[in-house]
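What Swiss-Prot says about this protein:
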- His111, His148, His152, Glu211: Zn(2+) binding site (BINDING)
Amino acid sequence: MIKWPWKAQEITQNEDWPWDDALAIPLLVNLTAQEQARLIALAERFLQQKRLVALQGFELDSLKSARIALIFCLPILELGIEWLDGFHEVLIYPAPFVVDDEWEDDIGLVHSQRVVQSGQSWQQGPIILNWLDIQDSFDASGFNLIIHEVAHKLDMRNGDRASGIPFIPLRDVAGWEHDLHAAMNNIQDEIDLVGESAASIDAYAATDPAECFAVLSEYFFSAPELFAPRFPALWQRFCQFYRQDPSQRLRVSADEGDYGEESEH
């Protein structure tokens, strides 16, 4: 059980969100104009349905709120806003936060410890984030705190807790589980060889299936070039689940860039 020291400031609704400025981040640059329009429509609904709550003196403005909403809606661009029905609030700290964590061990003893967290996603509760890591999520780097926590929420739709297997057809579960565990083992092998700091995929992905799904969801949207060629079978499963192919967006964007350079000569 985690105790939260809430001192909150809620963002007020704004009918004039700065969408053009909000879209101007590397994470979203490869979306087509049609995809951007649909993402904005989802983000507007997100801001109508969810409360963004600033904690510990952090101040939200329209641009910050719009960018947060756009990133929340990127994973469900083709799934629909109803896939985010499992929570009503997004709590935002200014930086990674300390919480009091209590747990009971196998013999019934209760332990307490202060833990530093970047974010949290609860089955029947809010998503908790921090602004420093949200800012780092704007880049196309493989790290994205918002997508990580959204992936946990999507994962939880398949049961009482995150398992690494989202809500997919039953016939696909065994194959998904096989490919996910194969990826975890591959990532762990790389960690054993070069160490956590030098691994090309965040070592957190090797800790358990739920974290592997969440971490690889970050790479799926923000660094597909690191995910797709390394785990092609699992990549295809992610494409089928999210109904998106970010690597295709990347190729199209690169081709358009090459064409533009040729046209200038």
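Yeah, the Cβs are placed from backbone N, Cα and C, and that goes for glycine too.
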Once DSSP output is merged into helix, strand and coil, Glu211 (Zn(2+) binding site) belongs to helix
Please compare the binding-site residues His152, Glu211 by how many other CB atoms fall within 10 Å of each one's CB, and tell me which has the fewest. Glu211
Counting every protein chain present, what is the number of Cβ atoms, excluding its own, within 10 Å of the Cβ of His148 (Zn(2+) binding site)? 24
